[in-house]
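Asker: Okay, so TrEMBL annotates it like this:
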type: DOMAIN; residues: A:25-405; note: domain 'Major facilitator superfamily (MFS) profile'
type: TRANSMEM; residues: A:161-179; note: transmembrane segment
type: TRANSMEM; residues: A:185-204; note: transmembrane segment
type: TRANSMEM; residues: A:231-252; note: transmembrane segment
type: TRANSMEM; residues: A:258-280; note: transmembrane segment
type: TRANSMEM; residues: A:292-312; note: transmembrane segment
type: TRANSMEM; residues: A:318-339; note: transmembrane segment
type: TRANSMEM; residues: A:360-377; note: transmembrane segment
type: TRANSMEM; residues: A:383-401; note: transmembrane segment
Amino acid sequence: MYLAHTGRPDAPPRPLGIRRRVPATVIALGAVSLVTDVSSEMVTAVLPLYLVLGLGLSPLQFGFLDGMFNGATALVRLLGGRLADRGGRHKRVAGAGYLLSALSRLGLLLADGATAGIAGSLAADRLGKGVRTAPRDALISLSGPPETLGRAFGVHRAMDTTGALLGPLAAFAVLWATADAYDAVFAVSFCTGLLGVLLLVLYVPSGARTPPVRPTPLQHTALRDPAFRRILYAACLLGAATIGDSFLYLLIQRALDLPAALFPLLPLGAAAGYLLLAVPAGRVADRFGRRLPFLAGHAALLGAYAALLLPVTRPTVAVVLGLLAVFYASTDGVLMALAGPVLPAHRRAGGLAVLQTGQALARLLGAAGFGAAWTFWGQGPALWAAALALAAALAAAWRILPTLATPAVTVTAAAPAHAPDLDTTPEAP
Amino acid sequence: MNPRAPQLRRLALVVLAVLLLGGGSLGYVLHARHRDRPAGAADGSFTLDEPGLYYRDSATGRVARHSATGGPPATGGPACERFYAAGEHALCLRGLPGIPARTQALVLDRHLREVKRVTVPGIPNRARVSASGNVLSWTAFAIGDSYATTGFSTRTSLLDLRTGYLIKSMEEIPLTIDGTRYHAPDVNYWGVTFARDDNRFYATVSTKGRTHLVEGDLHDWSAKALRENVECPSLSPDNTRIAFKKKVSEDPSAPWRLYVLDLADLREHPLAETRSVDDQAAWLDDDTVAYALPGREGRAGDIWSVPADGTGEPRLRIAGASSPAATN
C-alpha cells in the first residue's frame, strides 16, 4: 500500500464508496492523450500522401525516412524513463515530450517541402513520443491505489484511442475543406498539439515527489527485481510471437480481395472495438488479477490467427477484428497495471520504459520474422509457424509470469504490457 | 478570497487557449481554401497539333510545350500530375483530394478534350500512350497493400481505345518466368511501354524482392520475363532498344542508374547520367532520352536529356518541369 501514499500526496485516502471513481490525474492525462493523438494521427494519416503525392518523394525514400526514426524511438524511451525518475520529474519530462511533438508540426509547416526539414521534424516528433510515454504511464500508475490500476489504464487507453480515431477524421475534414492543402493539416495539428500541452501543464499534478535518488545504472535496479524480470521476459516472449496487425489486415484483404478503399476501415474497426473494451477489460483485471487477462488477450490473438487459417469468409473479418480488439484491450494497459506496482515509485518510469522498449523491440523482431517467413515459405506456412510460436510463448509465459498476483494488494499484480502509443492506435495503412 | 478562484482561472485559461488556437486553425484553413489552385481543363488554344516537347510545369501544375521551332513556351495545358501524349491521344493523371488516395486518368484527344475518364485507387505514378495513341497505360501507387505499413504496391491499368476494353489491374496476366508459369501473390507491375504494333508491350514486374523486364502481348494476354533488374522500361521510337532504370546500389538515397538495353542481343550499357534517376525515361528521338530529376535551387524537378548511346553528358532541358513527352 505504500504506493498510494508515496505516489500521490494530494490524493486523500478515499472512503470505499467512491472507489469506483477514476483519479482526476488519470482523466487529465487521458484528455491530454486524446487531444495529442488527434494532433499526431492527423499528421500520420496524411504524411505518406503528402510526401509522395505532394512532394514527389519516391516510396522508397519515404520508407527509409520512416523506418529510420521508428527504430530510434524504442531507445529514446529508456532515456525518458530515467530522466523522469531523477527526483520525480515525470510531469516535466512528459510535458517536454508533448511540446516537442507539437513543435514538430510547426517544423513540417516551415520546412515547406525541404527533405532535410521534414526529416528533422519527423525525428523531433518521434523523440517527443519516445520520451513522454514512460513518464506518463508512471504518472498514471502512481495516481491511485494499485488495486484500481487496471481500470485507470483502461480509461486512459480508451481516451487515447478516441483521439486516434478522431485524428484521421479531422485530417480528412481539413483536406476536404481546403482541396488538399497539406500545410493546413499541419497548422491545425500544431494548434491541437499545443492545447494538449496546455492541458497537461494546468491539470496534471507533478506526480511522485520522491526524494532524488542517486542515479544507478538501470540494470542494477528494476532488472534486479525477480518479479519484474519475469514480467519483462513474458512480455518480450509474447511480443516476439506477435506478427503485427498490418499482416493480419493484409491476410484478410488478400483472402477476400477487399477493395483498397475499404482497407483503412479494418484498423479503424479494431480500434473501435478496443475503445469499447478497454475499460471493462481493466475492471476485469482489477477484479481477477492482471496475469489472467494478459494471457487471455494473447490467447485471443492466437484465436485470430486460427480464424485466418480456416477458410476466410466475410464473418471472419468481424471475428478477427473482435479478437484483435480483445487482444489490445486486455494486454495494452493491463501490462502497465501488472508491472507498475512491482516497481518502487522512484524507479517506476524507468522500469516501465524498460518493459515497453523490450516489448516493442520483441514485436519488431516478430514482425520482421513473419515477413521473412511469408516471403520464403508463403503465407499459409508462415501463419502456421506464427500460431505455433504464439502457442509455445503462451505456454511459457503461463509458467514465467508471477502467479501470486491476487489483485494488487501486494506489490505484485500481473498486468500486460502496454506498448506505447504506437500500438494503441491502428497504424495508418 | 474565493477558494475556487484557481480553478476558475485555470478554466478561463483553457477557454482562452481553445479560442485562440481554434481561431488560428480556422483562419489557416480559410486562408488555404482561398489560395489559387490551377484550373483543371486546358485553354481552348492549347492543343497537341504543334510538334514539340510537352511537359508538366511544376510552378503551375499545368502542361506546357516547348516548340520544336523555338520561341517562348506555350502554357495553358490541362492540370495533371503526370502527363504523356502520342499519336491521337494524351493521358493526364490527377490525384483526387481526400483519403484514401485515388487517381483519375483522363484520356484526351488532340484538342485536349476529354474522351474518357477512369478512377482507380492510389497515387498517380506512370503514364504512357502507344505511338498511335490507341493503347494507354498508367500506374498508381496503392497504399496499405503491402506488408510494411510504409510499403507501397503498384497497380497498373491498360486501356485499349479501339475496343474500349479496360483492365484496371493487370496483376492477373499469365506470367512466365524462366520458361515456367509463375504464380505468386506479390506480383506488382509498373511502367508499361508499347511497341508500334499496338500489341506488344514491355513492363516491370516485381516479385519476391526482384524486378524483371517482361514482354507482354495484349492480344494473347500473356507476359514473359526477359531479364532481371530492369525497371520502368521505355521503348525507343524505332522499337529496337529499351531505356530503363537499373538498381545499382543498396543506398536508398541513390539506388538507380539509367541504362539502355539492345533488344537484338540483350546487351545493355549505362548512359552518361551518373545521378540516380527515378523516372520512366521518354525518348525525344532515336538518339536521346529525357527524364526528370529532383530540381536544383529548391525547384520540384527538372527535365534533363542524355544521348542514348552512352556518350556525351546530361543536359538540362527545362527547369522546374517533369513528365516529358515529345511529339511530332
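Heads up, the Cβ atoms here are built off N, Cα and C, so glycines get one too.
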Asker: Using a Cβ-Cβ cut-off of under 8 Å, list the residues of the same chain that are 6+ residues beyond the ends of the transmembrane segment (A:185-204) and lie near it.
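Answerer: For the transmembrane segment (A:185-204), the sequence-distant neighbours (Cβ-Cβ under 8 Å, at least 6 residues beyond its ends) are 24-25, 28-29, 31-33, 35-36, 38-40, 42-43, 46, 50, 91, 94-95, 98-99, 101-103, 105-106, 108-109, 139, 170-171, 174-175.
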Asker: Let me spell it out: take the transmembrane segment (A:383-401), skip the flanking residues so only those 6+ beyond its ends count, and list any with a Cβ under 8 Å from a Cβ in it.
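Answerer: Distant contacts of the transmembrane segment (A:383-401): 230-231, 233-234, 237-238, 240-243, 251, 291, 294-295, 298-299, 301-302, 305-306, 308-309, 370, 373, 377, 414.
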Asker: With pairs restricted to those 6 or more apart in sequence, evaluate whether the transmembrane segment (A:258-280) and the transmembrane segment (A:318-339) have 3+ C-beta pairs under 8 Å.
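Answerer: Output yes: the transmembrane segment (A:258-280) sits against the transmembrane segment (A:318-339).
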Asker: So, does the transmembrane segment (A:161-179) come close enough to the transmembrane segment (A:318-339) to give 3+ Cβ pairs below 8 Å, pairs being at least 6 apart in sequence?
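Answerer: Taking Cβ pairs at least 6 residues apart, the transmembrane segment (A:161-179) and the transmembrane segment (A:318-339) are not in contact, as fewer than 3 fall under 8 Å.
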Asker: Any chance the transmembrane segment (A:231-252) and the transmembrane segment (A:292-312) are in contact, meaning at least three CB pairs closer than 8 A with a sequence separation of 6+?
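Answerer: Between the transmembrane segment (A:231-252) and the transmembrane segment (A:292-312), contact is present.
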